[in-house]
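Features reported for this protein in TrEMBL:
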- Lys564: ATP binding site (BINDING)
- 748-763: compositional bias 'Low complexity' (COMPBIAS)
- 889-905: compositional bias 'Polar residues' (COMPBIAS)
- 45-158: domain 'Bulb-type lectin' (DOMAIN)
- 535-840: domain 'Protein kinase' (DOMAIN)
- 482-505: region 'Disordered' (REGION)
- 738-766: region 'Disordered' (REGION)
- 859-905: region 'Disordered' (REGION)
- 1-27: signal peptide (SIGNAL)
- 448-473: transmembrane segment (TRANSMEM)
Amino acid sequence: MCSPPSMRRHPLLPLLAAVLVGAAVRAGKIATEVVVPDFVASYLLFIDTYGVFLQSGGGGAFQAVVYNPAGQQDRYYLAVVHAPSKTCVWVANRDAPITDRAAPLRLTARGISAEDPNGTVVWSTPAFASPVAALRLDESGNLALLDGRNRTLWQSFDRPTDVLVSPQRLPVGGFLASAVSDSDYTVGGYRLDVTAADAALTWNGSLYWLLSIDVKSTRDRDGAVASMAVNGTGLYLLAADDTVLIQLPLPDAKLRIVKLGVEGKLVITSYASANATSPSPTDAGFVAPNSGCDLPLSCGALGFCAPNGNASSCTCPPLFASSHDGGCTPADGSKAMTVASCGGAGGDAAPTSYISLGNGVAYYANRFSRPDMVGSNGSSCQALCSGNCSCLGYFYDESSLSCFLVQHQIGSLVNANSRRGDMVGFIKVQSSQSPGSPSGSSSNNSTLIAILLPTIVAFVLVVVVGAVIVVSWRKQERRAGRRASRSRDVQLRRHRSPASDSAHLVYGNDDDGNDIVIPGLPTRFTHEEIEDMTNSFRIKIGAGGFGAVYKGELPDSSAVAVKKIEGVGMQGKREFCTEIAVIGNIRHVNLVRLRGFCVEGQRRLLVYEYMNRGSLDRTLFRPAAGQPLEWKERMEVAIGAARGLAYLHFGCDQRIIHCDVKPENILLADGGQVKIADFGLAKLLTPEQSGLFTTMRGTRGYLAPEWLTNTAITDRTDVYSFGMVLLELVRGRKNRSEHVSDGAGAATGDDSNSSNGTTGSSSRGARSDYFPLMALEGHEAGQYAALADPRLEGKVVAGEVERVVKVGLCCLHEDPQLRPSMAMVAGMLEGTMELWEPRVQSLGFLRLYGRGFAGPADGSGGSGGGIKQAMAGSNGDHTRSGTTTVTTMSGWPSYMSSSQLSGPR
């Protein structure tokens with residue numbers, strides 16, 4: 001432990017200073033930094049200071065206090081509090097509170113002890129080899145016992161409760177444990193454990209978060225973890241030699257408080273100084289897990305958690321009803337099994353059965369759990385649970401034949417993230433009938449059933465027939481009303497608002513004759529309405545892999561862009577509408593909004609908001625009147641697009657990987673609006689067409705290396721493509737310096753591959769400079785300003801050019817794990833996160849690509865033979881509208897499944 005210089009020279013000076021303030025302390029005044037043995041404190045003695053008896057030096061940011069949280073009168077603790085933020089950072093006797101405000105807290109030569117009113121010691125420090133000379137509270141909030149030679153005998157930093165403060169460390173095997181509530185500091189069910197491999201959040205032993213897979217963390221290298229440290233630059237997992245293994249970079253701060261909350265959230269708050277009363281302006285407010293639905297008890301036991309924007313909503317599954325404790329309970333009166341209820345034996349044990357939770361519902365912990373059985377059927381899974389008294393239910397994945405048991409305690413339910421609804425769940429219950437009920441009552445029950453059953457069957461039959469008649473009549477009325485309403489809307493130029501649609505949109509009797517009910521769909525238009533709003537598809541503003549885009553106008557005079565999906569076989573209507581519901585519910589300022597859709601027969605159309613300045617490629621590569629995009633606008637485009645992609649990766653309930661990030665899919669509008677378009681559409685293809693996915697979404701010039709190797713497609717694939725876009729923003733031209741046609745357009749969904757400079761528009765025989773290689777060489781030489789668009793004539797911010805080039809090169813690292821996440825890319829571009837240095841050794845492939853692109857351009861993209869071999873293999877260089885077909889390569893391994901290509905949504 002470090003001491004001030006004067007203490008190191010004269011070990012007894014602190015003790016002498018403490019004696020001078022001793023009288024004042026005994027009078028109930030607050031001491032500074034040190035108190036000495038024979039000191040007694042209680043809440044009553046220090047009632048004028050609300051229990052505070054000792055404060056740290058340097059302004060007293062930390063205080064030692066006899067603490068009664070929330071004004072409790074029967075629960076007092078020895079605690080250390082960060083006074084400016086009123087945050088309790090350490091508690092001594094959390095499981096043995098003092099029950100009376102007059103009960104003493106004593107400091108003697110043996111240590112500290114807390115007593116109850118009758119003099120019984122409820123908590124104390126351990127025995128020491130040498131006597132205690134002082135109790136000291138330092139400026140970092142560490143409470144320590146010192147001996148006469150100023151050596152540390154004991155300190156609170158070695159025994160954390162639910163908080164870490166910088167520069168505190170937590171060794172392997174150490175943990176933080178949550179409190180039961182804000183007023184009861186008894187150990188709760190949540191823990192943050194540091195293991196040899198990671199830092200993990202658990203609830204009663206069930207894992208629900210890992211630092212290594214958090215979207216904001218990065219792994220520097222592999223190795224055994226020795227400790228977790230928090231300091232002014234972030235949170236780190238360190239090896240024994242203090243080498244950083246995993247890091248969570250955060251904005252610089254003088255003080256950082258890491259707290260495991262009572263609800264299981266890990267919150268990191270940053271302060272500009274120890275005496276700051278509010279978080280630093282640069283504090284990003286890190287919270288883990290990111291989604292509230294990832295918490296074990298987000299909706300109580302058996303409650304179903306569904307994301308709702310930035311919040312979440314809670315409902316009960318079918319056959320369940322709300323319970324008084326905030327969770328859900330079987331609606332038939334039976335009781336969900338608990339570990340306590342499984343101790344019965346023989347005739348005293350109530351019979352058990354199972355209640356279905358429905359399809360597409362999963363358990364929060366399944367994401368991190370290994371299956372208890374694989375290759376089994378549902379009956380075997382149920383039998384495994386029935387044979388285990390501590391099993392409270394099970395989940396069975398019909399696609400992977402995996403069985404997951406829920407044991408010991410049950411938490412909340414979440415969406416299974418499965419289109420096919422192939423995850424089913426069952427909860428073990430006990431009958432509400434007492435196991436000791438007389439058996440003679442069974443004959444009476446049988447007689448009663450024989451009397452009532454025919455009556456009930458007849459009544460149900462009448463109800464069903466009546467319901468069929470009513471539904472048929474309402475369908476006819478609805479069709480007639482829709483025809484009349486459509487006629488009036490066209491005449492009066494009226495249009496229904498999306499808000500007028502039901503949260504569960506119902507439409508019926510299309511060509512397949514089926515009613516479809518899907519939660520959260522945007523406005524549905526008829527094809528006739530689409531034709532009317534586009535004036536029979538008169539103004540074509542773009543064309544791409546999914547089809548043409550037309551400009552339209554709603555009756556309220558707002559402009560829209562209509563994408564006519566064509567040329568690909570589509571899913572059934574229900575699957576199509578399910579995906580549209582997901583896309584339509586995505587709301588972000590940097591993502592193009594889906595305003596509606598049309599599905600009639602084989603017709604599929606999407607209605608988007610209109611972006612009047614068109615796509616970035618037009619503004620950047622073919623500016624009107626020869627005016628290049630100013631540098632300030634380019635930075636706004638880079639930051640806005642990065643934020644949009646980060647939201648797709650980490651802000652949505654179901655992660656969406658774009659897979660075709662390029663300037664044509666970054667749209668601009670007046671007022672500095674920057675929005676990502678064309679996300680989520682690959683999910684609209686049928687499984688049989690997953691082989692087309694690379695053709696339609698992977699654009700030459702932006703494809704990450706993992707598309708062409710046996711590597712899973714992840715969000716870091718989008719990061720690579722975005723890195724290419726960043727370099728194009730810097731230079732103001734395509735990275736391959738090819739000419740582009742003036743054809744396609746500028747509206748939402750404009751992924752016109754005929755205008756992206758990737759087809760035969762390049763002049764044969766022309767030689768082009770590969771700009772990513774130029775950027776790498778400029779970085780190695782430290783010459784960044786020369787890389788900027790020469791049309792800007794030096795009107796750039798040199799530091800920002802360097803930042804964008806470095807971030808772009810980091811995005812291009814050949815190993816996906818070495819690339820930053822999009823959240824980190826956005827932070828580095830904004831300047832709120834520490835700028836990474838590109839790893840040149842992971843960018844060597846750019847030199848190979850550069851040599852290949854320096855050859856004569858051909859009709860398929862201008863790459864030389866070496867690159868064509870590297871990119872396509874033998875007979876594999878096929879193009880379609882300027883995109884690269886990967887899955888049709890002759891001799892190339894067919895490893896890309898639909899889920900690998902599109903990734904999680």
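The backbone N, Cα and C atoms fix where each Cβ goes, glycine too.
TrEMBL: automatically predicted annotations, no manual curation.
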With DSSP as the reference, give the number of residues of the domain 'Bulb-type lectin' (45-158) in helix, strand and coil.
9 helix, 48 strand, 57 coil
What average pLDDT is reported by the model for the domain 'Protein kinase' (535-840)?
80
Using Cβ-Cβ distances, find the residues under 8 Å from Lys564 (ATP binding site) that belong to the same chain and are at least 6 apart in sequence, listing them in sequence order.
Phe537, Gly547, Ala548, Val549, Tyr550, Arg604, Leu605
Tertiary contacts of the transmembrane segment (448-473) (same chain, 6+ residues out, Cβ under 8 Å):
none
Looking only at DSSP and grouping its letters into three states, which state does the residue listed as 'ATP binding site' belong to?
strand
